[in-house]
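K.L.:
Supplied in structure tokens, the structure appears directly below.
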Amino acid sequence: MGDTTRQPVLEETLGDAPTTHAKLLAWVAEVSELTQPDSVYWVDGSEEEYARLTDHLVEAGTLQRLNPELFPNSFVGSSDPKDVARVEERTFICSEKEADAGFTNNWMDPAEMKAILRERFAGSMRGRTMYVIPFVMGPLDAEQPQFGVEITDSAYVVASMRIMARIGTDVLRKMEAEDAFFVPALHSVGAPLEPGEADVAWPCNEEKWIVHFPEERSIWSYGSGYGGNALLGKKCYALRIASVIARDEGWLAEHMLILKLTSPEGKAYNVAAAFPSACGKTNLALLDPTVEGWKAETLGDDINWMRIGKEGELRGVNPEYGLFGVAPGTGWGTNPNAMRAIAKGNSIFTNVALTDDGGVWWEGMTEEVPAHLTDWEGNDWTPDSGRPAAHPNSRFCTPISQIDMLAQEYYSPDGVEIHAILFGGRRKTTIPLVTQARSWTNGIFMGSTLSSETTAAASGAVGVVRRDPMAMLPFIGYNAGDYLKHWGTIEAKANPERLPKVFLVNWFRRTADGGFAWPGFGENSRVLKWAIERIEGTADAKETPIGYIPTGESIDLTGLDMTPEQVEEAVKVDPAEWKEELKGIEEWYARFGDALPAELAAELKQLQARFA
Ligand code: GTP
Ligand code: SPV
Ligand code: MN
């Protein structure tokens, strides 16, 4: 490790006045006055710059270069053990009025919050470089490009942002030409360096603040260098702030993958699916269909911006540029498409284990477990160490362009028509493998009552069932009741013939012996086939109180060692389980108070009546 007391002052790429965008210049000046960095650097997004940044991160001990024969141009780093996931309890929506944040969000008066944050940010970049990253979420040639600028004192964030979003000088030039609005996104790890003080590999602060000002459309993030806390284009902008913009402009910003499926007859369908964090979006987005004759192509794995198209169809765009995927469970057996994308290199891995030959490993990557590893915390590890080698929320960060099965339409600013929407959670009981909603409103009911066991993607207890409306609980940037109302307004704006059909899925149901009721992963293509055949009107279904479920014979089991009776078990609606579930839904809906849309209260009443 070299002298890490100072980050090298990277040369200015754009001279003294790097932009003609007056608002941006003023904001950069204001922030640098407040945070007192050693130097200010405008990120150009070039490959050469990326090489310098990663060299610097290697020298600082934040990253290690992987064996280029195994993973070319790739790096691995470990975070501080106290900075490994999103921190929902430290995430705030600071709307002017508390009611506009609603009961699902933490709230504080914006002026009060600004006072706290100014204190934290004062001098917070001392001894560090302040990086200015112009970025755009979605294609730069969109009709209305959604610009942002992240200011950060973390080179790791800059390198990761280059993978996850379109960044750099091209973006800045377009922003200037249009004198465009941009979301100011301020980030500091909150670890200033005194003169002569040595840096640590992963600077961060015990105290974390992930704060959104929805009216101002601004973001202030302090104290964490990790994932959704720090890569501000992702959850903070593309979901929390964008959901507010979407409410005001009549569209939807959702926590969804987008997958294109082509039937053996050559007909294409695009499916969007909302599953909570670490519940299978990336896996379904990179699906390797096991069902004969079907082709799958990826459009997105985490975020879907949906607007109403010219013909009243719902169109989805993935605003991201990379994958920030859960590593554990991603393997050659379960997700070979992700593995192939990762193997092309150009990736940053965080909190995974290191193999002795300079590669990476995590639980589930290969069937054979290596005899020796260096675990994510840098300790020696063997299979009988009794602890996981990779952190459960360890991640790979990889350019989306490296996915072989990426759909061409990914690059289109108009996106794709969405034909089906899936809501899904991680539930051991009660929720069938798949259920088709009776109507759009019934589909919103399913989404609004979605529930899932918590995962390692957020700090806190794992495995606790909680309601997670549209898989957006931690990401709705305003009042959750208003959010559900907004979903309701889509029906009137859309062409009724073109409204997506809605389904509820659960890949995680267990049988009495504790095993999974459904094999999942590539086999999920069989469920998607059924859903599409329902749209086409050719698949059989059975009506139940909660919606339409497949008959045992209607799921294509060709080549799968499973019987129609086992399918019936996986889709069964058990009245005793639903009696409990209805109680949970009732309690959940009660929390919305007056903000609950009347048509959803009516949906619950009807469901209760059907079970009575
Ligand atoms: P975020 O990036 O946090 O939003 O997560 P995600 O929704 O993209 O989840 P991901 O696809 O990364 O999957 C998370 C975990 O669920 C991994 O450990 C997977 O192996 C597991 N998983 C995904 N799909 C299935 C499935 O169909 N069946 C089972 N049993 N497990 C699955
Ligand atoms: C999630 O938690 O939903 C993620 C990971 O996709 S993070 O970027 O940390 O939000
Ligand atoms: Mn996610």
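Each residue, glycine too, has its Cβ placed from N, Cα and C.
Curation does not apply to TrEMBL; its annotations are automatic.
Per TrEMBL, the feature active site maps to C279. Positions annotated as substrate binding site by TrEMBL: R86, Y226, G227, G228, S277, N393, S394, R395. Look at TrEMBL and you will find K235, H255, D302 tagged as Mn(2+) binding site. Positions annotated as GTP binding site by TrEMBL: A278, C279, G280, K281, T282, N283, R395, R426, F521, G522, E523, N524. Residues or ranges marked as domain 'Phosphoenolpyruvate carboxykinase GTP-utilising N-terminal' by TrEMBL: 27-247. Per TrEMBL, the feature domain 'Phosphoenolpyruvate carboxykinase C-terminal P-loop' maps to 251-610.
I would like each feature placed in context: is it buried or exposed, what are its neighbours, and how far apart are things?
P.N.:
For C279 (active site), the same-chain residues lying six or more positions away in sequence with a CB closer than 8 A to its CB are G424, G425, R426, S452, T455, A471, F508.
A strand conformation is recorded for R395 (substrate binding site) in the three-state DSSP classification. Its own atom aside, the Cβ of R395 (substrate binding site) has 27 Cβ atoms within 10 angstroms in the protein chains shown.
Long-range Cβ contacts of D302 (Mn(2+) binding site) within its own chain (separation 6+, distance under 8 Å): K234, H255, M256, L257, K281, T282, E320, L323, F324.
Its own atom aside, the Cβ of G280 (GTP binding site) has 22 Cβ atoms within 10 angstroms in the protein chains shown.
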K.L.:
Filter the binding-site residues S277, A278, G280, T282, E523 down to those with CB closer than 6 A to an atom of ligand 1; keep them in sequence order.
P.N.:
S277, A278, G280, T282
K.L.:
Using R395 (substrate binding site) as the reference point, find which of the binding-site residues A278, G280, F521, E523 has the shortest Cα-to-Cα distance to it.
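P.N.:
Closest by Cα distance to R395 (substrate binding site) among the binding-site residues A278, G280, F521, E523: A278.
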K.L.:
Considering Cα atoms only, can you say which of K235, A278, G280, F521, E523 is the nearest neighbour of G228 (substrate binding site) among these binding-site residues?
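P.N.:
For G228 (substrate binding site), the closest Cα among K235, A278, G280, F521, E523 is found at K235.
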K.L.:
Could you name the residues, excluding R86, Y226, G227, G228, S277, N393, S394, R395, of the same chain that surround the substrate site, i.e. Cβ within 8 Å of the Cβ centre of those residues, in sequence order?
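P.N.:
So the additional residues around the site are V84, A85, F324, V326, A457.
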K.L.:
For a Cβ distance below 6 Å to any atom of ligand 2, name the binding-site residues from R86, G227, G228, S277, T282, D302 that qualify, or say none.
P.N.:
R86, G227, G228, S277, D302
K.L.:
Got a sec? Which of R86, Y226, T282, N393, F521, the binding-site residues, have CB under 6 Å of any ligand 3 atom?
P.N.:
none
